[in-house]
Amino acid sequence: MGSQASKPAVDASNEKALLERLRRFQVTDDDFVNVASTSSDDEKRDIRLVREPEGLPVQQTQSWQSRFLADPKNKLALTALSTADPRTVLTSTATKLADPQIFNTRIPFEGGPITNQRSSGRCWLFASTNVFRVALMRRYALDSFELSQSYLFFWDKLEKSNYFLEQIIDTAAAGEDLDGRLVQALLGDIVSDGGQWDMVYNLVQKYGLVPQALYPDSWNAMNSGVLNSIVKTKLREYALILRKLVQSSPSTTAETLTATKEKMMREILSILTLALGPPPNPRDEFTWTYLDKSSKPHTLRTTPQAFARDIYSSDLRITSSVIDSMVSLVHDPRHEPLTLLTVDRLGNIVGGRGVTYVNVSMPTLKSACVAMIKAGLPVFFGSDVGKFSNSAAGVMDLDLIDYELGFNVSLLGMDKASRLRTGESAMTHAMVLTAVHIDEETGESVRWRVQNSWGESAGDKGWFVMSDAWMDEFVYQAVVDPRFLSKDVRGIIGTEPTVLPLWDPMGSLA
């Protein structure tokens, strides 16, 4: 609008070039347009000089639709697909039968029960505590056991709030514009329920762990939407106050900022305490009374921090030092293999470990997962769980939903890197691998057993199966013990990382 033209004017020479190009249009029987490529270098630099934006003529769309519905097969598809969920209509029974819960390589003890994150985004806390509990259940001879996901959830929400406010202060001091992409990214995804392995490490290192019996889920832990809305609203309000203090008041001192932020954090702590309940103090001793699998009672007195340091059994060690050394592998084909990746300003605890990934090929990632399972260790992994999956059947397979049969289009036209670049895919959910079926002739993995956290009503009593081809396309991360990695992969740890922006898909929180 205003006095400026919305697009460059087209001079006479360009008009002549446009007319010449239009004369060369050839419409084929299937309505595709072929154009002889004779454009000059100047034309190639800006297609807008030779092309005007085109609307959709109503007559043309009606013609397309009439031709489409003239085919009886399309009328049949219309009847089927317009009256039910297309994913259900197009689900392949043959594919479900081809993915049985049968595996020839599995960890000896998977742990239980199947957990349920309910209406919350805490999958990463469920997946990680499901990994940790295996050794504890062996050590204390338990048939059923859960660590408190809510305990970590409480401290994560509090720490993320503090982390966010510190990022706001830092970006304000650096002169970052409120409407700029970085600050808007910070404001857009405040204190998400999601997280990453390095964030779990930070929480366990600082706050420890407690049995779920001592701090069970509250309603707001199971249904986190309202709590998140309250906390996000306050944090955005606080962000504007802190930015104004930093940028508009030259006399503002560090003490003033600290005091202001402290008052804000006290309010956030109050909100979390009222919504989730006061959690155990990480330094205070708790008393846990439990029955072993022989129904014999026992009592354990320890602190959350000491309890977290003691995650091991006689035949399975997942100690705090092991958790510390675990390596987060990713397959991000946008970047070269054997590179270290990190995400700018992504974290949960100020002064804690940042989020880093070792980028590897998919065969390397899968090989490490197989080695973990053969050693009896469960594997935390991150994927885009909503793609080509059926939660009722508990199947993840590229052939599960035949979109091409129903819509005559393929939804696998992009490769993995293209999906990441266009926002089509990212890590959305964390789960645990406990078994793999390996082809006896080729030695290649065929399918994987997945422990989910959606309760027993999903999948096969809570268990899912993932095809190897689905893993190639939609699994992005696996956390493994470094002893199952080659020297080349281990050598990447500690090198200078490639820093990805906060809004990068690898910054998505499972």
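Backbone N, Cα and C define each Cβ position, glycine as well.
Caution: TrEMBL annotation is automatic and unverified by curators.
Residues or ranges marked as active site by TrEMBL: Cys123, His429, Asn452.
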- request: Sort Asn452 (active site) into helix, strand or coil using the DSSP assignment.
  value: coil
- request: Work through the active-site residues one by one (Cys123, His429, Asn452) and point out the residue whose CB has the fewest other CB atoms within 10 angstroms.
  value: His429
- prompt: From the Cα of Asn452 (active site) across to the Cα of Cys123 (active site), what is the distance in angstrom?
  reply: 8
- line: Quick note, Asn452 (active site) and His429 (active site): C-alpha atoms separated, nearest Å, by 9
Structural state of His429 (active site), classified by DSSP into three states: strand
